[in-house]
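J.: Copied straight from TrEMBL:
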| type | residues | note |
| --- | --- | --- |
| SIGNAL | 1-26 | signal peptide |
| TRANSMEM | 223-246 | transmembrane segment |
| TRANSMEM | 293-321 | transmembrane segment |
| TRANSMEM | 327-351 | transmembrane segment |
| TRANSMEM | 363-389 | transmembrane segment |
| TRANSMEM | 395-424 | transmembrane segment |
| TRANSMEM | 445-472 | transmembrane segment |
| TRANSMEM | 484-510 | transmembrane segment |
| TRANSMEM | 522-542 | transmembrane segment |
| TRANSMEM | 554-578 | transmembrane segment |
Amino acid sequence: MELLGKGRWGLAALLLLGCLAVCTLAGENNHRYKDGEAVTLWVNKVGPYNNPQETYNYYALPYCKRHPQQKDEHSWGGLGEVLQGNELINSQLDIKFKVPVPKSPICSQKLSQDDVEEFRYAVQHHYWYELFMDELPVWGFVGELKGAPGAEPDLLLYSHKQLDISYNGDRIIHVNLTSGEPVLLKEGQQVTFTFAVNWLPTSTPFGERFERYLDYNFFEHKIHWFSIFNSFMMVMFLTGLVAIILMRTLRKDYARYAKEDGDLESLERDLNEETGWKLVHGDVFRAPSQRMLLAACVGTGGQLCLLGLFVILITIMGTFYEERGTILTVFIVCYALTSLVGGYVSGGLYARMEGKSWIQGMLLTAMLFPGVVFGIAFVLNTIAIAYGSLAAVPFGYIVIVLLLWAFLSFPLCIVGTIIGRNWSSTPNHPCRVKRIPSPIPVRQWYLSPLAIAMAGGLLPFGSIFIEMYFIFTSFWNYKVYYVYGFMLLVFLILLIVTICVTIVGTYFLLNAENYHWQWTSFGMAGSTALYVFAYSVHYFLFKTHMTGFFQTCFYFGYTTMFCVGLGLMCGAVGFWGASAFVHRIYRNVKCD
């Protein structure tokens, strides 16, 4: 089954070039400073350490400001940064390049009862905060619990920030933060917040300054390499199994159809004894139920497959983990650009299935995945607003995303649908569809479409199981994911395993004389997402310390978005593999 056919692979190449243009959003940081030039320290957010998404503005805690009458200065880092819940505010600290600052006061405040309660809650729940200097993040804890075992601990608030800044020439390389001088939290306590700055020369080049945030021991563990080897062996096994089916079983079947006309008696005897996939040749290309939904799912899944490949390749070409929110921005823009492919695949497939309501099909394709994501995001955003969290997306940025969809993604989907209907709408079925559907015999339960579909996702999930652990840990446990070469390899292995599994499953289904292979092949591959979601439940319960309604909603909300996208992508790939297989095996069958 062709995706871009008739020499139009250039369309995908143009889309890749368009996505590559997004790289300009995240160029290398070339900040240089003159001696004595002002350097800004930005405060970002605070929140419980075990709940990564439950974050609040730094000044949500009753920290005093150096200049309370001065209007806050914000730093805007792009759409992706806002969607990830960042809000950088100038700390107003007087820091100059290569100029040491001895211990100096920031501000002083007398703690009220409300202040004590808010700080007490933050210390008890291990609140941390994030600062930025020259795009380099630093973290610290609000306070500490201290006391003898078994006794009521004292709650202490850190009042001093020690900044040790390493520089190489005219560039900042490292920033270290040490919190200290704890004071007891009690009403009426006078607290003076202070800071100090040391400047230290280093020989570390500017291009390697982010390497300290990369956990090589974690990502390049032997288990990681073993998982790749294990997945590769699975690919070899499955491709060998598919080759056996195609080269042995089907070759014998074809030989029976290739008998000379002089052997009519033998041919008639063989045909009378035939069972399995050969008997459903008049029904196998019958349009499935809910063809519009299937076309929209396959089109959206094809778009997401191309999107995933593009984002991984673009990220490999640049160090996007160094820029706040850049990967998310690239994802959104590339999704809009690849809508042309989604509309093309959906429109062409729906036309080949003789669908008539192509406008409704186009609207469904354009709104299917964005609608699911927006619905979940709306609920999460409402929860974030109720909690006053930075995870709440401001209304203006919601409008930007909607406009990007309305004026870029949606029109491209329309164009793609029109192109698909005109260039890829001719059915190429090797067998004519009978007017009356054949009855489907009752078979064992494990040959039912549901059982085959549920079993089909096990092997693809097994091929990505270990990588899921690293991705989940990166997203939920403060690890910087940078091994996109591994991700590309696992992505390709997933596609190959998915295609092989759906071919084998489709062959079993057709041998059971069940010609409803379209939705079964899609579900067989898409069920991988169900196993990923089940794994996410295990990860939440046994690998994290997340608590509370807020974090639970965000964890399973984001996971649901990811699994829906993964299910659509795998389902589309599985459908393509099954479709190509079905067309191949019936090509040499002498149809009535």
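Using N, Cα and C of the backbone, Cβ positions are placed for all residues, glycine too.
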J.: Same chain only, please: residues at least 6 beyond the ends of the transmembrane segment (522-542) with a C-beta under 8 Å from a C-beta of the stretch. Say none if there are none.
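T.: Hits for the transmembrane segment (522-542): 294, 297-298, 449-450, 452-458, 460-461, 464-465, 468-469, 472, 476, 494, 498, 501-502, 505-506, 552, 555-556, 559-560, 562-564, 566-568, 570-575, 577-578.
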J.: With Cβ distances under 8 Å as the criterion, find the stretch in 223-246, 395-424, 554-578 that has the most pairs with the transmembrane segment (293-321).
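T.: It is 554-578, which has the most Cβ pairs under 8 Å.
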J.: Taking contact to mean 3 or more CB pairs closer than 8 A (sequence separation of 6 or more), are the transmembrane segment (554-578) and the transmembrane segment (363-389) in contact?
T.: yes
J.: Assess whether the transmembrane segment (395-424) lies in contact with the transmembrane segment (327-351), where contact requires at least three Cβ pairs under 8 Å among residues 6 or more apart in sequence.
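T.: Taking Cβ pairs at least 6 residues apart, the transmembrane segment (327-351) and the transmembrane segment (395-424) are in contact, with 3 or more under 8 Å.
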J.: Using Cβ atoms and a strict cutoff of less than 8 Å, what residues sit near the transmembrane segment (327-351) while being 6 or more residues removed from its termini?
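T.: Tertiary neighbours of the transmembrane segment (327-351) are 3-4, 11-12, 15, 18-19, 22-23, 25-26, 78-80, 83-84, 291-292, 294-296, 298-300, 302-303, 306-307, 310-311, 314-315, 320-321, 358, 361-362, 365-366, 401, 404-405, 408-410, 412-421, 423-425, 572.
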J.: Can you tell me which parts of the same chain pack against the transmembrane segment (223-246), counting only residues 6+ beyond its ends and a CB-CB cutoff under 8 A?
T.: 459, 462-467, 470, 483, 486, 489-490, 493, 496-497, 500-501, 503-504, 507, 584-585
